[in-house]
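Database features (TrEMBL):
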{"type": "TRANSMEM", "residues": "12-29", "note": "transmembrane segment"}
{"type": "TRANSMEM", "residues": "41-59", "note": "transmembrane segment"}
{"type": "TRANSMEM", "residues": "71-92", "note": "transmembrane segment"}
{"type": "TRANSMEM", "residues": "98-117", "note": "transmembrane segment"}
{"type": "TRANSMEM", "residues": "129-151", "note": "transmembrane segment"}
{"type": "TRANSMEM", "residues": "187-205", "note": "transmembrane segment"}
{"type": "TRANSMEM", "residues": "212-228", "note": "transmembrane segment"}
{"type": "DOMAIN", "residues": "219-364", "note": "domain 'O-antigen ligase-related'"}
{"type": "TRANSMEM", "residues": "234-251", "note": "transmembrane segment"}
{"type": "TRANSMEM", "residues": "258-276", "note": "transmembrane segment"}
{"type": "TRANSMEM", "residues": "357-376", "note": "transmembrane segment"}
{"type": "TRANSMEM", "residues": "388-407", "note": "transmembrane segment"}
{"type": "TRANSMEM", "residues": "413-434", "note": "transmembrane segment"}
Amino acid sequence: MKSTSTSQDGTLLGLLTVALYAVFTLLPGSSTMMVSWPWVFLWQAALALPILWLLWQLWHKPLRAFRLGGGLDWIVALGVIGLIVSTLGAEFPQQARWYGWAALGGVAAVYALRGWLTTPRRCLRLLQGQGGLAIAFILVSLGLWLSQIYWPELARLETLQQYGVEQSFNFNLTSLRNWQPIGHQNYVAGYLVLMLPLLAGLAWVGRGWQRWLWLGGGLLGLVDLYTTSSRGGWLALIATAVVALAVALLRSPLPKKVVLPAGAVGVIALVGLALANPRIRQLVLALLSGRTQSGELAYRFITNAVGWAMGKAHPWSGIGLGGVPVAYQAYRPAWAGREAELQFQLHGTPAQLWAELGIWGILIPLLLSGWGLYCTWRWLRHPSPNQLLAPLVWSLLAGLLACGLISLTDYQLDILCISGGLALYGAVLATTFHSPGSASSPPQRITRGLVGLGLGLTVAMGVWLVPIHRAWQLSSQGFAAIRQDDLPTFVQTLERAHQLAPWEPYYPYQLGWKLGDLSYQAPPEVAERLRRDAITWFQRGLKASPYQEFGHSNLGWLQVQVEPKAAVQSFTRSAQLVPAKQGVFFGLGFSLLRAGQPEQATEAMVLELLRHPLGLTSPVWQTGQFSPLYAPMLASLEARYSEFLEQLAPGNGLTRYLHQLRGSLRWWQGDLAGAEADWTIGGTVISRAVLDLAQGQPVDAAALPDSPGKFAILAWQTPSERRALLEKAWVTQPEDLPQLEEGLPPPEMIDQLVQSMRAAESFDQWLHIAPTWEPRSKRLGFGVLSRHIDGLLPADYLPRIENVAMVKFFEELLPSPTYRPEWDRALQPQRQGLIQSLAM
């Protein structure tokens, strides 16, 4: 009998499903590993196994054994219909099929678990297994954070002390938050707030050593949540605790005089632990003081605005699952500046679902929420002694509430361990709330027909997936080859990958970028062929993904030497997609200059410097074809600042910023009186010190607040300690540098800075003749945002020539804010004016 039951349950398929679920729960960096070869194949297997498990059980069991009850089956059916409609109407249908299949795998997991959960004992065993996996997750997370983040950061801080820089561990740096093992701190927090209530419920019903196991795991989970420094996670958990306290006051058999103080102490303890984290404490203080334009709040505001625009443009179907990273920049507002330039998810589940599914993405969650409330109410009115223990039911509901709250600020349904946990919770609750009863099932032939249909769909999807995975495998081999400088194999495998999956922009972009990069290093006769091939591949990439500024900008730099008019078109499209991107209007101006349009070229350069004013200190303006533009460009730039200042209403927040920029521009040109007039209104302590030095007045640099500029001035004033002070200035950077070696001062550059100081007659002169370098902007996150991480990390072709002293030490004189929407709104009409003039 037991053997028959095991056969009907499809135990082997179930165990394989659980095994892969555990693998993607504990695998370090799982959210990114799932988009690399061969892990992507295992991820697909993890999605297909629940479907096969469900089909096996359907073959052996009556259909009524899988009913979720309470109308939930109709909601699921409606969701599947919405998924089909969205896929049929998707702008990028291949991506929609890829992610639509993943969604069907999640639905199948709920039904497969429902078919297996035939008794309350199985429900309890499943929850205990999930609780054990959650504890393993917490231990892995804390262990990896300590070994890979915390201790290495302490070593980095100790190294910085050798340069006289005293810093402490800082959770405000993204790289120091606990993102292990999933790959992002918010994902880790999302998983924890989903599982911590379950651990609490298991501790409540547990006995003996098991109770201590669950309780200890829960406490470690709180520590783990602290290390994520996730504000959304803590707010969700605290809000859930408050709701739980309210429910306990209404439903607990214990006296209210016991429940209220105990619950209040628990909530206060959670609040205290959250506020002990400096990042969360800063958020609370910022909100209380009305400061809401911090970068991390801004990018969520931007991504939600993008999601609203996507859904508004396609209200009945959305843009399709998987369409967000491909179409994101087409819907991104110009006022977003340099914040959230490209995203693969919208940091808010309502925004994501509305964007990708349209009205279906709003309707289905609302219906699911209504189903949960209704079934909970019915369960409270008609409890059954044979059902799951009430504390466990409440713990599952609390976990779903916490997960729902954090979903308002983050999208996590594509994370296997989180979506798998939700499927498990849903199946257990459906089993608890609804008994299959004795309702008749359709004839067996209909059930078998459904199995045949499902198996046929699975085989069809498998056939469709085979070339995609083959392309992924080939590209992985190609990337391994190019890292060994085997260009022919790289080209051959990437070409074949593109043939197998022509809708994937990643392969032509990678091939085009690498060939283009090599063209800048090759002899002229080889460079021409490489550049021509690179242009072709970039064009193919843009055909598959037309809304990528990366493709248009780098194509423009390849075209500018041979087809300047085509380059103008490429940079124009880049300027339409991300107008505040550094180098976009510079590239447009250079293309216009090459095309024989100097007036429009000057206008483009002015627009570049208005948004990125530090560029005016570059020596590039003194060379070759740029030198005739420099004087009229600076004159136009100052006139433009003055026009903006005249148009601003009194008290406008831009007033100080524009006075600061105009003052810096005047100071750079030697107009010290004009600089003083502007900096009196919009200057900083560093700008005041720089002006005093230029005017020959004494400066007490030691009294200035610690900053790169302070130590650079001290280096000028203290020749005997010049090298050490310049090194200290170099490492005193407010940047999030995940690698120690990236933040340490390069000895050769420090030598050049020391020598240039020695050769200068004044501090001002040193800043003008300081050493230069030619860095290239890397497209950090290109792989993750492209949903492939096997390949190379591209760097822009933009030929930046920078004044090192100004860029490293005095950037605050000519700042370019990442996010200042009022400034980008003010600039946008002028950008559009230039673009429209080019279209005539």
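Here the Cβ of each residue, glycine as well, is placed from N, Cα and C on the backbone.
Remember, predicted model here, so these are calculated numbers, not experimental data.
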For the domain 'O-antigen ligase-related' (219-364), residues assigned helix / strand / coil by DSSP: 107 helix, 0 strand, 39 coil
The transmembrane segment (187-205) touching the transmembrane segment (413-434) per 3+ Cβ pairs under 8 Å rule: yes
Interface present between the transmembrane segment (129-151) and the transmembrane segment (212-228) (three or more C-beta pairs under 8 A): yes
Whole-number mean of pLDDT values that fall within the domain 'O-antigen ligase-related' (219-364): 91
Listed stretch, out of 12-29, 41-59, 71-92, that has the most CB pairs under 8 angstroms to the transmembrane segment (98-117): 41-59
Contacting positions for the transmembrane segment (129-151) when only residues 6+ beyond its ends and CB under 8 Å are counted: 18, 22, 25-26, 28, 169, 175-176, 178, 180-181, 188, 191-192, 195, 198-199, 202, 213-214, 217, 220-221, 223-224, 227, 417, 421, 424
Result, the transmembrane segment (234-251) in contact with the transmembrane segment (388-407) (3+ CB pairs under 8 Å): yes
Listed stretch, out of 12-29, 41-59, 187-205, 234-251, that has the most CB pairs under 8 angstroms to the transmembrane segment (258-276): 234-251
Same-chain residue ranges lying at least 6 outside the transmembrane segment (234-251) that approach it to Cβ under 8 Å: 189, 193, 196-197, 225, 259-260, 263-264, 266-267, 270-271, 274, 277, 280, 380, 394, 398, 401-403, 405-406
